[in-house]
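Working notes, beginning with the structure itself.
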Amino acid sequence: MLRTHTCGELRRDHIDQTVTLAGWVHRRRDHGTVLFLDLRDRYGLTQVIVDPSSNPEARAMLDSIKNEYVIQVTGRVRSRLEGAENANLATGAIELEVQSAKILNTAKTPPILVNRDGGEDEALRLKYRYIELRRERQQHILGLRHRTIKFMRDWMDREGFWEIETPILMKSTPEGARDYLVPSRLHPGEFYALPQSPQQLKQLLMVSGIDKYFQIARCMRDEDLRADRQPEFTQLDIEMSFVEQDDVLDVVERLMTELVANVTPHKRLVSPFPRLTYADAIEYYGSDKPDLRYDLKFVNVGEIVKDSQFGVFTGALSSGGKVQAIRLPGCGSYSRKQIDDLQEVAKIGGAKGMAWMAIEADGSVRSPIAKFFEQAQLDQLKSATAAEAGDLIVYVADKPAVVAASLDKVRREMAKRLDLADKDLMHFAWVIDFPMFEYNAESGEWDAAHHPFCMVNPADVEKMQRGEFEGVRAASYDLVCNGYELASGSIRIHDRSIQQYIFDRLPYSPEEIQKRFGHMLEAFEYGAPPHGGMAPGIDRLVMLLADTDNIRDVIAFPKTQRAEDLMMNAPSSVDAKQLRELGLRLADGVEPRG
């Protein structure tokens, strides 16, 4: 080894020992004749002193070094001078007096700073990601990710799950997003797909009698990106045989509870995890992934305002819409500009406008729409929303989906403005009873709302088989936390006839269904057990544990929102010979970027 200790290891117990360290020059301070260096590796920093009076050769050798040079130093550990200790540094009580030194590698001046955040553009940071990863914050996040995955593996093993790898080269089957396709050289004109998830394979493992499976699974989806999505992502894939919904929820809830307590003990959570139906989540929060760290519930005021003289409200109700409100505590003094700004937030969700009422100190209502309501109606609105003096009530009236989306935007924005979200609280919750089918207004048909292997709620099977699709619930469930969906799962179909029924709801011919899913239908003819599972997203979980809102922060080498790797310049063109071997050529008019 080129070192005897790491740069974060030395303490008072090591004083007077001769040690060798190796690492990067984090910072240099030249105090005339004496040179001070902060030497850095993954484990921490150690202050190094080069004194020419005791070691002129080492001082001369290190005279030309700059930040990020890689060096090796050997010397004696000594106590820092009184008053020079650094309580913020684990090694802050000692320093290393250099006896010999060696430059292992030089370094150009980095395009981004390592010893502090220089506010560089994200594109520059991603291009030089290997330098950004030297930063303390980034190394902390990668360490947190490692501990999270290790805890998952150890925990699943203790619970009797087997870790089994499933293929990366798979068959292309519709699972919601576009597949990444891989052409086959040995079978010209045919393609593999990279897995969007191991969904079918883990179900087939249950048919195989494996009973309890897990995998740290890499998944790829060719979809439009956003701050919490990447084209390739990692999930803890779980499947279990002979289980019902509560069994799966129990396993994942225990895992998450113990993981948070062990990996991030400063974080708190609410236990047991609350359960919301999908209908209630939409009704009260406008989202199937609500942030429950703060209240700001929606209140349906349709019954109160239906006989008012305010045409916006009555018009929405008469056309099948709804009117909902949120009480914003302490915001009654908002200026007209502040309210107009908030109305623009509501419009992002599709609202045409946003009505408001401010509650004055004497309990009276100040609002441009107050004149359209009787005093009894105003009192009812205050009572229904629990509004008090100094509060602001905001309203949106429109189609139910627009009201939900608009007030969800307002709710999240106000939580930021009022600083309502506790960053140290991991507020997990289960969302259950999702609709099994969605009405397609264009086709006039009811389409499956989930992947086609999701089981219908047992209580609604007969209703589904009668063709009464509205209100049929899926045996599916989501784990949400702090406004993000962390995991999605379901009890799976294991009965061939029900699986065939669901496949028949897909927009494919019987021949196409057999081509795409025949292997699943055949497997279910050989004794498939009842089974279910889910797949917590590791990237999003670590994102929350690390207190960041950008998933790229928690992935070693992420892609941009245009699915580009700026460091390796991918995707890139390939030469004509490679295409010919695959039986491919670029379509006319398609020109690679370079």
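Cβ from N, Cα, C; glycine included.
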Correct range for region 'Aspartate' (source Swiss-Prot, candidates 199-202, 363-366, 467-470, 507-510): 199-202
Binding-site annotation, Swiss-Prot, ATP: partner of ARG221, ASP222, GLU223, GLU485, GLY537, ILE538, ASP539, ARG540 in GLN215, GLN230: GLN230
Residue from ARG221, HIS450, ARG492 whose C-alpha is spatially nearest that of ARG540 (ATP binding site), among the binding-site residues: ARG221
Proximal but sequence-remote residues of the same chain as GLU485 (ATP binding site) (Cβ under 8 Å, at least 6 apart): ASP288, LYS289, ASP478, LEU479, GLY537, ARG540
Candidates HIS31, GLY83, ARG221 (recorded positions) - the one closest to ILE538 (ATP binding site) by CA: ARG221
CB contacts for GLY83 (site 'Important for tRNA non-discrimination') [other CB atoms within 10 A, all chains]: 5
Least surrounded among the binding-site residues, given as ARG221, ARG492, when other CB atoms within 10 Å are counted: ARG221
Among the ATP-binding set ARG221, ASP222, GLU223, GLN230, GLU485, GLY537, ILE538, ASP539, ARG540, as the record gives it, the longest Cα-Cα distance in Å: 19
Nonlocal neighbours by CB distance (under 8 Å) for HIS31 (site 'Important for tRNA non-discrimination'), same chain, sequence gap 6 or more: none
C-alpha spacing of ARG492 (L-aspartate binding site) relative to GLU223 (ATP binding site), in angstrom: 25
